[in-house]
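Structure first, commentary second.
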C-alpha cells in the first residue's frame with residue numbers, strides 16, 4: 001500500500017467518522033430538547049432515569065466521542081487515538097452482542113418486568129405529571145389504551161385513549177409492532193454491526209500502515 005492509498009484510507013475514515021459525529025450531535029440535541037420540554041416523561045418509576053431523553057443523550061454522547069477519536073486519529077495519523085477508537089468500537093460491539101444474548105435468554109422475565117412496571121405506572125397517572133405525559137404520548141402514538149386494554153383504567157380512560165372500546169392495550173400493541181417490524185430491526189442492527197466492524201478494520205489497517213510508512217521513512 002503506497003502513500004496515495006494511505007491518504008485515501010485516511011480521508012475515507014475521516015469522512016466516515018465526521019458523518020457519524022454529526023449524527024451524534026443531532027441525537028444529543030434531540031435528547032436535550034426532550035429533557036427540557038419533558039415531552040415523554042417517566043414511564044417506569046423503579047427506573048426513573050430510563051427516559052427517552054436520557055437514552056438519546058447517552059447514545060449521542062457516545063457516538064460523538066467515538067467519532068471524534070476516529071476523525072482526529074485518522075486526519076492526524078495518531079496511533080494512540082486510532083487504537084482508542086478501535087478499542088471503544090470493540091467494547092461497544094461486545095456490549096451489543098452481550099445485550100442481545102441476555103435479551104434472548106431472559107425474554108420472558110423481561111416481558112413480565114415490563115408488564116409489571118407499566119401496570120404500576122398507571123397508578124401514578126393522575127398524581128404525577130411526568131407519568132401522565134409518558135402515557136399520553138405512548139397512547140397517542142400507538143393508538144392504544146392502558147397496558148392490556150381500557151379496563152386497566154379506573155373509571156373512564158384518559159382523553160389520549162382512542163374512542164374505540166375494542167382498542168388493544170399498549171403492551172400488546174408494542175409487542176405486535178416489534179414483531180411486525182422484526183425484519184427491519186434486524187437489518188438495521190446488522191448494518192450497525194457491519195459499520196462498526198468496517199470502522200475497526202479501517203482503523204487497524206491505517207494504524208499498521210502508519211507503522212510501515214514510518215519504517216520506510218526511517219522515523
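A Cβ is built for glycine as well, from the same backbone N, Cα and C atoms used for every other residue.
Marked as disulfide bond by TrEMBL: 145-161.
Long-range neighbours of the transmembrane segment (12-36) within the same chain, counting only residues 6 or more positions beyond its ends whose Cβ lies under 8 Å from a Cβ of the stretch, are 51-64, 66-71, 74-75, 85, 198-199, 202-203, 206. Annotated transmembrane segment per TrEMBL: 12-36 (among others), in sequence order.
Per TrEMBL, the feature transmembrane segment maps to 48-69 (among others). Residues of the same chain lying 6 or more positions beyond the ends of the transmembrane segment (48-69) and with a Cβ under 8 Å from any Cβ of it are 17-18, 20-21, 23-35, 38, 40-42, 81-82, 84-85, 88-89, 92, 134.
Panel annotation: around the transmembrane segment (81-106), residues 17, 62, 65-66, 69-70, 72-74, 189, 192-193, 196-197, 199-200, 203-204, 206-207, 210 of the same chain, lying at least six beyond its termini, place a Cβ under 8 Å from a Cβ of the stretch. Per TrEMBL, the feature transmembrane segment maps to 81-106 (among others).
If you look up TrEMBL, you'll see 182-206 (among others) marked as transmembrane segment. Within the chain, the transmembrane segment (182-206) has long-range Cβ neighbours (under 8 A, six or more residues past its boundaries) at 6, 9-10, 12-13, 16-17, 70, 73-74, 77, 82-83, 85-86, 89-90, 92-93, 96, 100.
Cβ neighbour count within 10 Å across all protein chains ranks 145 highest among the disulfide-bonded residues 145, 161.
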